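Record features, source TrEMBL:
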COMPBIAS  B:46-55  compositional bias 'Low complexity'
COMPBIAS  B:56-65  compositional bias 'Pro residues'
COMPBIAS  B:93-116  compositional bias 'Low complexity'
COMPBIAS  B:141-162  compositional bias 'Pro residues'
COMPBIAS  B:170-211  compositional bias 'Pro residues'
COMPBIAS  B:212-223  compositional bias 'Low complexity'
DOMAIN    B:360-398  domain 'Zinc finger Sec23/Sec24-type'
DOMAIN    B:437-680  domain 'Sec23/Sec24 trunk'
DOMAIN    B:686-769  domain 'Sec23/Sec24 beta-sandwich'
DOMAIN    B:782-881  domain 'Sec23/Sec24 helical'
DOMAIN    B:900-974  domain 'Gelsolin-like'
REGION    B:1-257  region 'Disordered'
Amino acid sequence: MATYLEFIQQNEEQDGVRFSWNVWPSSRLEATRMVVPLACLLTPLKERPDLPPVQYEPVLCSRPTCKAILNPLWVTIEVSGVAIADGSFIGVCPTLFPPAYTGISEVNQPAELMPHFSTIEYMVQRGAQSPLIFLYVVDTCLEEDDLQALKESLQMSLSLLPPDALVGLITFGRMVQVHELSCEGISKSYVFRGTKDLTAKQIQDMLGLSKPAMLMQQARPTQPQEHPFVSSRFLQPVHKIDMNLTDLLGELQRDPWPVTQGKRPLRSTGVALSIAVGLLEGTFPNTGARIMLFTGGPPTQGPGMVVGDELKTPIRSWHDIEKDNARFMKKATKHYEMLANRTAANGHCIDIYACALDQTGLLEMKCCTNLTGGHMVMGDSFNTSLFKQTFQRIFSKDFNGNFRMAFGATLEVKTSRELKIAGAIGPCVSLNVKGPCVSENELGVGGTSQWKICALDPTSTLGIYFEVANQHNAPIPQGGRGAIQFVTQYQHSSTQKRIRVTTIARNWADAQSQLRHIEAAFDQEAAAVLMARLGVFRAESEEGPDVLRWLDRQLIRLCQKFGQYNKEDPTSFRLSDAFSLYPQFMFHLRRSPFLQVFNNSPDESSYYRHHFGRQDLTQSLIMIQPILYSYSFHGPPEPVLLDSSSILADRILLMDTFFQIVIYLGETIAQWRKAGYQDMPEYENFKHLLQAPLDDAQEILQARFPMPRYVNTEHGGSQSRFLLSKVNPSQTHNNLYAWGQETGAPILTDDVSLQVFMDHLKKLAVSSAS
Amino acid sequence: MSQQGYVATPPYSQAQPGIGLSPPHYGHYGDPSHTASPPNMMKPSGPLGAATPGGMLPPGPPPPGTHQFGQNGAHASGHPPQRFPGPPPLNNAAPSYPPYSASTPSAYPSPGSTSSVTQLGNQLSAMQMNNYGSSMGAPNQGPPGPPAAALPGPSRPPPPSILQPGSQVLPPPPTALNGPGPSPMSPPTHRPDGLPGPAPPNAHYQPPPLPGQTLGTGYPPQQAANYGAQMAGPQLGYPGGFPGGPAQMAGLPQPQKKLDPDAIPSPIQVIENDIASRGGQVYATNTRGQVPPLVTTDSVIQDQGNASPRYIRCTTYCFPCTSDMAKQAQIPLAAVIKPFATIPSNETPLYLVNHGETGPVRCNRCKAYMCPFMQFIEGGRRYQCAFCSCVNDVPPFYFQHLDHMGRRLDHYEKPELSLGSYEYVATLDYCRKNKPPNPPAFIFMIDVSYSNIKNGLVKLICEELKTVLENLPKEEQEEASAIRVGFITYNKVLHFFNVKSNLAQPQMMVVTDVGEVFVPLLDGFLVNYQESQSVIHNLLDQIPEMFAESNENETVFAPVIQAGMEALKAADCPGKLFIFHSSLPTAEAPGKLKNRDDKKLVNTDKEKVLFQPQSGVYEALAKDCVAHGCSVTLFLFPSQYVDVASMGLVPQLTGGTLYKYNNFQMQLDSHQFLTDLRNDIEKKIGFDAIMRVRTSTGFRATDFFGGIFMNNTTDVEMAAIDCDKAVTVEFKHDDKLGEDSGALIQCAVLYTTISGQRRLRIHNLGLNCSSQLGDLYKSCETDALINFFAKSAFKAILHQPLKVIREILVNQTAHMLACYRKNCASPSAASQLILPDSMKVLPVYMNCLLKSCVLLSRPEISTDERTFQRQLVMTMDVADSQLFFYPKLLPIHTLDVKSTTLPAAVRCSESRLSEEGIFLLANGLNMFLWLGVSSPPEVIQGIFNVPSFAHINTDMTLLPEVGSPYSQKLRMIMSILQQKRPYSMKLTVVKQREQPEMGFRQFLVEDKGLYGGASYVDFLCCVHKEICQLLR
């Protein structure tokens, strides 16, 4: 099956697409029997250094119901000297090429018709270009160190912004201050009470945004609309107010209101966000803008408050939520959802950088990032490299020197008529565009063929779910192909408008006669991630056990469908290579923090789920099943099983869970290090051994966003729990002696091990009862 | 509320015998039941004496004849014209009036005698009594009455009429009776405003038959000469040139004979006499019930057990023993308390008593503070409270043995045992939330709307603040002021400023949520001026520029006060807001005001609405302010109607001050404004004060007037009280008072000092009690009476029609005097007007009060100005109200440039002016320099440095510094006049016979008013008539 693997890999590299099935069952009925839905992971802005954008407008299919964009799948026919294309989506839609395309021939084709341009990017000169906007929303109820660190990070970030980008600053504590940046000599800010929810109109009136803009126009009729947006005093080009803002940030004080013993500081996060949203809504709707919220604690007053200011009442836990004991949660969530939806409607995004030891209300605020494509970063303190580097990485640039961020994207999916769109899961909101290709069955955010992704970066990945619409009794002719076109229009970080078009096609196959083909074309990695996304999506709204049961049932059904076994004989159960890893993924997914809330705070769960919902396949897989490398004198570093049996005394382990990088020294290694062998010249190899995982970890740390928690521990260290909680508990205190003592480390848990899980799975799969 | 009010109906009416016995009804301004009275008033009514619910209406129908006459009489006292049913008297009377022009030299008797025959009958004739000027004035040669002995100053004019008035006063029987005027017995010309018309001149001032004798004793010779001269000479008559009064007036023939203005009691004379007898002397307060020198007299006051008159002045220093007596006399019993009065440097400042943690020693029952009145008994182990008679144990730490007189051995060591006024250090029990208070803060709030920017006011204020903030008030022993300062600017939004000392530049915080205003910052808003000086200067430099481009016209107001109050609340300190505001707050916000100035309401029952605030917002706000010790001082710069009634309410109720500069012009008005600003910032002030007035048994404080707020009936709450604010307290009997025990008053003010100390300031005053009405009259103080009458009337205008109030005032004046005449003066001809010595000038002052633009219902006077003056008077002390109602008029042309004293004042009448003269007039708010057309050129040269009258440019508010003796002396006089006055007086230079002279003339209060209002002479006649009516 190497060919399929290569095919899949090539597809991913070229188009950023991975399908669960690469040969599609040709009828609706058959497709449902495949258990894993026909779906794909799409990374719309996958970096393609080899793909320079073309500088013209795309050609659209002229049929209004189709409007597909010219692509390699089009068949060109020459009719009396005029090239005519066929969209091949809804059938034959003859489209006249525009005059510029008249010279078309086999040898002289426009780029978009060439097969290896299945993904192509257009740069269009449409509409006014607007600069990027960065609105900092800064919590001032921080400890002095934290605030200082944050201020420095913010000041540093100014140098990273493009000079013409607009920046704004809102600070909050007990009050919310919107800082005016254009004034000389005196720093001016508009202050709002942190307890009063204001409508967008009120905010704009109070900030004087409605009238001055009008006055400006009256005052300067000669240069209308040249810079219509510069009128806002609160958002100014970086190059103009660089110094001012640096000073302003420098003078930023901790919230001056006294906090009495036993109280939390009053923090008006809800109102601050509301004002930020209102400000941008009024001044720059539908342009790329980031609201960056830096908060060091939970909102404690006003709309969106998550916890009261009494320290003796702790912030809600999962336990409270399950017992319906979280007083403010529903109201707060509603507030933030409302804000998130408004933000999304305006095409802006909200980032949340929450650094505190306790929870900060991410559970309630998660929709702000999840619906708008913003980042969510969680750390212990702003004064940690985790925050500092993560924040810096937001402004990282690609090989062209452009920011790795894009704004205000719309993703449109077009399918050939045998397919319908069931939904999408990712950092997007529905645009509610109905059409013939929209399915009635929703998976994820459905009921539409277009989604808005307010902010995305080259790794943002959506899961898109399809449904085969073709009826069983209308077979597709042999060799027929189904096609899907993804059209992503977005604002590039260089402020250009761009359109990226990816068109893919897959063969149809009859599931009865060609099941082997379909089976062989199964992408178990993609399937695992796509199923996991469905599971996590459900977990947001359903009880945890229900989701687990659903996942189990799906797994059992899949095994029943594709396993080879004799009925009622578990030992006879076999899975083909294409499926062999899938159960293991499911095993680890069940244990993952995305579905298990035990031992996690609601904020942590939200944080993990947030990242799981947007990372690409590789990262997602790491999250589901962390990677474990082993370093020893026995050979070169190698990946080992994520199993307690891998924990050996003479090994150094490096585990990457995406969120954490753990380096674990085995017992012997730890003793050696303690004895200081690494410093002895004759044991230089030991020194190298110690160094190797550190270097590898650094490599991962450099590449990852957000920056993972870096844990360096050893046998018996308290932090080794990070490792122990992840590995498959093949050895526990229960079966320790049965397994003998020569290998591995026992895990003190009652969780089932992979072995037990597989045994049960086999039993159930072969059972005729289920 | 059956207080004995000055408004009470006179108990005696001869026309209706028996009424005197019936319980008089006391009209009271504040009494809502009286709002019903106006309708009653419309009924034809009898003489004033009658007691009716309305307080001034006679009950049953009097005999027709009387009735009519009575109406006339009543008329004169201000009843509306409708009340005159019968034309006959008018008809009869009218022809009998000699034309005004004919000012026959022969003053009195001749024509008068004929009149006795008129149909008006005996009542009429009775009405036309002559006023005995002489009688009231100085005690005639009559035997120097016993009272003289009672009075301290031997040089004092023998108290005349008081004890044996009749004999002294009534020498000239014939003349007196034949009441010259009978015929002229003018049907009182009714003016719409209800003041007696000019008519009554019929009541001639009867010169004493023996002028020389009469005057000789009492008055200085020159005065006597005056008298004589005037009598002999032709009447001066009414000054011409007044723009016509009401039509009726003009049409009325004037009586031939004029009362000699010089013969009627002269305020100037009274003042001069008191200065001559008591000026410069030491006045020791050791004797209970002694009458202090007048406010116009300079003396050194020595506290020997009673509070200095600088702190407390009373309407009378001898209370009647019973409430019946009080009702009979109708003299208001009131004290004007100015607890923070400034004490001249040659008097001892208040001692501070500190009892440590135990706090002041207080009576267990009534909570009165230890004071000289407490009586120690049982060898000093216990003391009896002088106020409630409760016997208390002396706390062990306070025990001291008694000497043979029963006095504590440490009597002279403890201020609270030997002094009338002293201070206690208050303990935590006296603090809010039992926490020591924080030092107060001043917040400056500047209206930066377009007009204020344009006329340069904002710049002016900012510049001035830089210097004036150096002089924040501080305790004498401290180096720097503890007061913190904060700054806010606003138009329709508010800008707070962070001026924390460690900032490189100030930070501005805009609060746009005016609907629900709040304080955006705590730390850095209120700062120590010295520490943040550079940031503050930076800010003050920037404010004018910052808003230079602003074209915002709308302002808010209530949110501004709210913001300041919230800021103080947040900082947990008391303080004072200085608001500089210019326009009607029309922006959408709480307390938004609309222009509701409606001249049509003037002179209707609805007129009072103009004095009331538009909405309840401001009162609620004031209440909040007081609750948090936030005083509001408002500087208004209106160019049109700004509804002072609404906007001024908070300053008034929070013990702040209202300043108003109409049509502010930078060149002309900045001096006045800046002086006011400086004074206001620098003056001594106490914050977050509660005043409690305790009295000995038998009477109690019932009503309070001033810049105060009251949540209950006893605690006078003041967000702040400064050295210029006085509270007038009215007392009523609730039992009998004993002549021995007297009437004791203890006024305790709990307050926070400018350095944030909590203190108690105690003032004690003992008054006499007497069952002799004569004693009562003897101890009255007219200046205090007028202060009381003014405040009480000005308070009443919120609830009652002005007409009613004016009537009440006239009636009570008449009543007080009639009671004296009836009970204290020896029998005399009915036609004689007899005034008690202590009230000699009551009529003229009362007339001034009646003519004040507040009480004068004339559409020509701006509503804002009336409201403004009304508010000012409410917090005035006795000295200020005296000057305000009777301005000081000084001749300048006769100046002796070498002398260091003020020139002798002259009476406020046009007749005192001369074409060759230059006069300076001051009333505490305004100052005029009047230049006669023929002013001596050398004086003009000396003052203005211009060659002649014609060259003088009157467009100035400051006199040039010429360097000539005239200039120096004049400017010195002006500064002396200005001294100790709470308001800076704006100088207006007016030339005779030029338009601006009108403004000057309305201060010639003895003359007929510009907009109506009787002349002194007329009013005196009117009062006399009333008295006669009452005595009948």
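Here the Cβ of each residue, glycine as well, is placed from N, Cα and C on the backbone.
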Hey, which of B:437-680, B:686-769, B:782-881, B:900-974 has the most Cβ-Cβ pairs under 8 Å against the domain 'Zinc finger Sec23/Sec24-type' (B:360-398)? B:686-769
Please work out the helix, strand and coil residue numbers for the domain 'Sec23/Sec24 beta-sandwich' (B:686-769) from the DSSP assignment. 0 helix, 55 strand, 29 coil
Per Cβ pairs under 8 Å, the stretch of B:686-769, B:782-881, B:900-974 packing most closely against the domain 'Sec23/Sec24 trunk' (B:437-680): B:686-769
For the domain 'Zinc finger Sec23/Sec24-type' (B:360-398), jot down how many residues DSSP puts in helix, in strand and in coil. 6 helix, 11 strand, 22 coil
Secondary structure content, the domain 'Sec23/Sec24 helical' (B:782-881) (per DSSP, counts of residues): 66 helix, 0 strand, 34 coil
The domain 'Sec23/Sec24 helical' (B:782-881) [mean pLDDT, rounded to integer]: 91
Helix, strand, coil residue numbers for the domain 'Gelsolin-like' (B:900-974) per DSSP? 24 helix, 12 strand, 39 coil
